[in-house]
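The structure appears right after this line, and notes come after that.
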Amino acid sequence: KGKCPEDEWDESTIELFLHELAIMDSNNFLGNCGVGEREGRVVSGLVARRHYRLIHGIGRSGDISAVQPKAAGSSLLNKLTNSIVLDVIKLAGVRTVTSCFVVPMATGMSLTLCFLTLRHKRPKAKYIIWPRIDQKSCFKSMITAGFEPVVIENVLEGDELRTDLKAVEAKIKALGAENILCVHSTTSCFAPRVPDRLEELAVICANYDIPHIVNNAYGVQSSKCMHLIQQGARVGRIDAFVQSLDKNFMVPVGGAIIAGFNESFIQEISKMYPGRASASPSLDVLITLLSLGTSGYKKLLKERKEMFSYLSSEMKKLADNHNERLLDTPHNPISLAMSLKNLDETNDAAVTQLGSMLFTRQVSGARVVPCGSVQTVNNYTFKGFMSHANDYPCAYLNAASAIGIKKQDVDVFLKRLDKCLKTFRKEAKQEKSTNEISDTNAATEQLED
C-alpha cells in the first residue's frame, strides 16, 4: 500500500526485508560480471554490512527519483521510503500534500536546490524576500544559489518577534514582483522569534504570483507548524516546504525531505539534482519508521508536546526564583526563552560565560544570546545576531522541547542551570561586598586625611 505500518516491525523482520531488497541489486548476484566504472564494488566487508549491501545508491544520472535497472532493490527502497514519508507528513498534519522525496542533503542545501529549480521558471528574478531568522544555513542557501536576500526585519509584539507583513508587501511593490524569485519563510525557529505568518504570506504570494518556499526544518514534530503549512496552502500559495530528517525522525545528519502540493513541481526539483545519490538517508528513515510504525511516531509526537508543557512550567519557576522571567512566546510550539537581564547587567561577559558553563557541564542545545552582538555572514552584517532583531530588549537563554526529549533531560538541565545561576549570584554578592568594603576604606582614609 506504500503506507507506514501502524504497528512497529521487530529488528529481525526489518533486516530480512532489507536483505531481500539487497539481493535484487546486480552487485549481489552470484554470477554477476561487471565491466563498467560503477558496479557497486566495495572492498571492505564492514562497509558493505553497514549499508546492508545496498551499494548502488538511488536514482540515475538525470533524475534522483528514476529507477535504476541494475539496482532494482535500491530503487524499490527509494520509492517505498518516499511513499511512507509522504504518509507520515499527512499524519503529522499536512493532509493535502501530494508529493515528496528524500534528498541526501541537509536542509540548507535542499533549500538551495528549490531556489535553483525556480531560477528556470523566473529567469529575470534575482531577489529572495526573507523575513529575518538568525540561522546561517538558511541564509547561505540563498547566497549559494546565486540570489540576493532581501532581509525583512521582524516586528516586536510583546516578547515575540513576528513577521512584518506590511514591509514584505512594500518590498514586493518596490522591487517588482517579476524580479523576486520567491518568498522564503520559516516555521520552526528559536524563541522569542515565532513561526512566520504563513497564511498571510501565502495570500500575498498568490496575489502577486510569487513562489513561496517554506523552511520547515524541525516543524514536522509540531502540529502547530504543520497546521500553518496546511492552512497556507489552502488559502494561498506554498510551492514547497523543506524539513530535516535528523531533527524530525532522529536519524543521522545528512538528509531532508522536499515536499509540496504540486506533484510536477516537486518532480522538477528532483530532476534538478545532478547525478545519482546516496541511499543512506533513505535507508535510515525507512528503518526508523518501520521500527516505530505510525502508532510509535504518534506516541513520540504526543510525548514531545507533553514535555514542552513541563519544560515551560519548570523554566518559569526557575526564572521566578532568580528574579528573571520566562518570555511570553505562545506562538512558538517548540522553543522557549528565559531572560538573563540581571546577569547581563552584572557583567558584560556573564551571559556568554553562562553558555560556556552549561556546555562544560554537558548541557547541549541550550543557547545563550547576549545583547548587541554583531556578525557578518557572506558580506551581510547582522546587528544583534542570534536574537533575530537589531535591538532585542534583553539577553536570554533558549531551550527546546524537541522530539525524543525525556523528563530526565529537562530535570537535569534545570538543576544544572539553577546551579550555574546561583554561582553567578554568589560571585556578584561577593563582588558587591568587596566593593562596599573598598568604598568604606576609601572614605575612612579621606576622613583621616
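Residue 1 is the first one shown; counting continues down the chain.
Backbone N, Cα and C define each Cβ position, glycine as well.
It should be emphasised that the depicted structure is a prediction, and the values quoted were computed from it without experimental measurement.
Around the Cβ of ARG38 (pyridoxal 5'-phosphate binding site), 13 further Cβ atoms fall within 10 Å across all displayed protein chains. The pyridoxal 5'-phosphate binding site feature in TrEMBL is assigned to ARG38.
Feature annotation from TrEMBL assigns substrate binding site to ARG60, SER61, GLN68, ARG276. All chains included, 19 other C-beta atoms sit within 10 angstroms of the C-beta of GLN68 (substrate binding site).
Neighbour count (other Cβ atoms within 10 Å of the Cβ, all protein chains): 10 for LYS426 (tRNA binding site). Per TrEMBL, the feature tRNA binding site maps to ARG234, ARG361, LYS426.
The compositional bias 'Polar residues' feature in TrEMBL is assigned to 435-449.
Applying an 8 A CB threshold to same-chain residues 6+ apart, the list for LYS247 (N6-(pyridoxal phosphate)lysine) reads ALA217, TYR218, GLN221, ALA402, ILE403. Sequence annotations record features per position, and here TrEMBL assigns N6-(pyridoxal phosphate)lysine to LYS247.
What TrEMBL lists as region 'Disordered' is 427-449.
Cβ neighbour count for ARG234 (tRNA binding site): 13 (other Cβ atoms within 10 Å of its Cβ, all protein chains included). Annotation for ARG60 (substrate binding site): same-chain Cβ neighbours under 8 Å, separated by at least 6 residues, are ALA66, VAL67, GLN68, ARG276.
For the binding-site residues ARG276, ARG361, the greatest number of Cβ atoms within 10 Å around a candidate Cβ is found at ARG276. Those same-chain residues not listed among ARG60, SER61, GLN68, ARG276 yet with C-beta within 8 angstroms of the centroid of the substrate site C-beta atoms are GLY57, ILE58, GLY59, GLY62, ASP63, ALA66, GLY275. Looking at ARG361 (tRNA binding site) and ARG38 (pyridoxal 5'-phosphate binding site), their Cα atoms lie 48 Å from each other. Rounded to a whole number, the distance between the Cα atoms of SER61 (substrate binding site) and ARG234 (tRNA binding site) is 35 Å. A Cα-Cα distance of 63 Å separates LYS426 (tRNA binding site) from SER61 (substrate binding site).
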